[in-house]
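Below is one structure, written out as structure tokens, with a few remarks after it.
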2 protein chains.
Amino acid sequence: MTSPTVQQLGEIGLLQHLRQFCPTEAIADDAALLSVAPDHQLVVTTDVLVEKVHFSDRTTSAQDIGWRATAANLSDLAAMGAEPLGITLGLGLPPTTSLDWIEPFYQGMGACLSHYGGVILGGDLCRAPVITVAITALGQVRPQRVLRRSAAQAGDAIVVTGEHGASRAGLELLLKPESGKTLAAGDRQHLIKAHQRPRPRFDVLPTLWQVCATLNRPIAAMDSSDGLANAVLQICRESQTGAHLVRSQLPLPAVFTPWLNAAQALDWCLYGGEDFELVIALPPASAHHLVEQLGKSAAIVGTIVAEPTVTLRETAAAEPTATLTLEQGFQHF
Amino acid sequence: MTSPTVQQLGEIGLLQHLRQFCPTEAIADDAALLSVAPDHQLVVTTDVLVEKVHFSDRTTSAQDIGWRATAANLSDLAAMGAEPLGITLGLGLPPTTSLDWIEPFYQGMGACLSHYGGVILGGDLCRAPVITVAITALGQVRPQRVLRRSAAQAGDAIVVTGEHGASRAGLELLLKPESGKTLAAGDRQHLIKAHQRPRPRFDVLPTLWQVCATLNRPIAAMDSSDGLANAVLQICRESQTGAHLVRSQLPLPAVFTPWLNAAQALDWCLYGGEDFELVIALPPASAHHLVEQLGKSAAIVGTIVAEPTVTLRETAAAEPTATLTLEQGFQHF
């Protein structure tokens, strides 16, 4: 028996199927109601994912697309220091889309939300030429805990959580299954999972608050959704600073050697994007303390400097080998 | 000189052009920060508009599309009794889209926001096969003023603001300029404007609060974005009631006679959609008081009844001539 399409179900029929994924109040009114805790600010972020631009059936199941779209937005909340409240979903669907795609997609979103917090607060369904997923995530944060791109200061150490380049490598393995033949099956799966099931790093925040409890200044942070280089460059631009990045300290996945040559590995690490880790600038003592607490899942990769350029060097003491610019990085057009 | 396209500008170039339309903070971080007033609840609503599905260059300029997309979302806030805080915008663009389209689009959004309140809080730009506009609107409301679809009670009068069918008639005139030859130029423009520049009815709310100040119960309301019949049916479904609608009291634009035959005029009034007026169920004495205060821009069109069907009759005392169902109405697929 084949699953019904959107056209066969009609909007009302489809909504009946989707009610199970949303709290009742959310889809029974013109808009959703939500309380923000006293002494908290609201945090809002939006992302649009388009079929054939941001995802394809070839590399990502409906369930993974639901997870990733949700995780990408939640990651922006984590990068502000906020905890999730919920999301709204604007979903554009071709009339031929099958319920077999839609239900797993909602399941993926639900799995991500139940893991990290928040509910589907409501949304909008409409017809579109390709599947289009517009998510707005809402979170809340105490004003003194807001992480801002603009808060970096010369002398700060740059802490990066997790590995970078893993998501890009996972995509490569999905697009070209014949590549990476030397990789062990477990390593392969690890990279593919980094692409399909990214994890917003809310787990880093309590440690960060604890390490910074006595600092009387804001902390700079951004997520690395558009690449590690992009995050450092954006923090520097908004803070009117520059940075020295040290190549030997960059968090490349260990399995990149001997699979990739050094240039390719560096490129994916700096520009691959979609790792959804955190890039944080804070005073060196706090940075060392943070990395100690987080263990091997974080590293200090460089220093914020007053001169407004971002350079890359082999070691902290070496001369720069490259200057990084926003134009090199992840562009959406 | 032709205007540059998105592809020529690149994402960074495009963002430079768009900065003028957003408060600085909004586009300089991972997410936007916002305060909700103490003792208020947050209200959130999302809409997606897709080129060739919801709008076309043939009938609507970029500026009008910006206005309409914003107004449609703000109307959902008004239907909850909320005041606007701002919107986020997820904008999907084909690479060939010209800045000549994008800037007027933002101007239209800005014009609507500066008229009704709120700012562009942030957003996301991406590539898409057709122009795709995903807007999430945020507002705030005191809990005791929330208007709910589920609050109607048997015996309530149904008040409808404004005219219904005007937006659908305006669309017809845009699609078929040869139709409506008997209409005066001013009337023609009035209908076209109803389609291109709908007005969310925040202006009704202070009068509604005043009229209901001593009522100790919630008021039911919904906006008529998906048609007048749809709004009544949704209120009845959520309130587990039915309604008697009276055909002779329906708010048809006066210019429909003699242009349209009675069946066509009724169809557009009940099912045309996109008038973005308010449908409100409240006790008869308050309803009469409300209509008196609002003047000729509002009418009582029927009564909420206990039996869960929505019927139409010629006069309040007559037998029903039709039963309305959600399936008849505005469907998005």
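Numbering starts at 1 and runs along the chain as displayed.
Glycine is no exception: its Cβ is also placed from the backbone N, Cα and C atoms.
Binding site for Mg(2+) 4 per TrEMBL: B:D30, B:T45, plus B:D76 from the candidate set B:D76, B:D100, B:D124. Put simply, of the binding-site residues B:T46, B:H54, B:D124, B:D226, the one whose Cα is nearest the Cα of B:D30 (Mg(2+) 4 binding site) is B:D124. Cβ neighbour count for B:H54 (substrate binding site) (all protein chains, 10 Å cutoff from its Cβ): 22.
For B:E274 (substrate binding site), the nearest of the binding-site residues by C-alpha distance turns out to be B:D47; the candidates were B:T46, B:D47, B:Y106, B:G123. Sequence-distant neighbours of B:T45 (Mg(2+) 4 binding site) (same chain, 6+ apart, CB under 8 A from its CB) are B:N73, B:D76, B:L77, B:M80, B:T136, B:A137. Rounded to a whole number, the distance between the Cα atoms of B:D124 (Mg(2+) 1 binding site) and B:Y106 (ATP binding site) is 14 Å. Nearest neighbour of B:H54 (substrate binding site) by Cα distance, taken over the binding-site residues B:T46, B:D124, B:R149, B:D223: B:T46.
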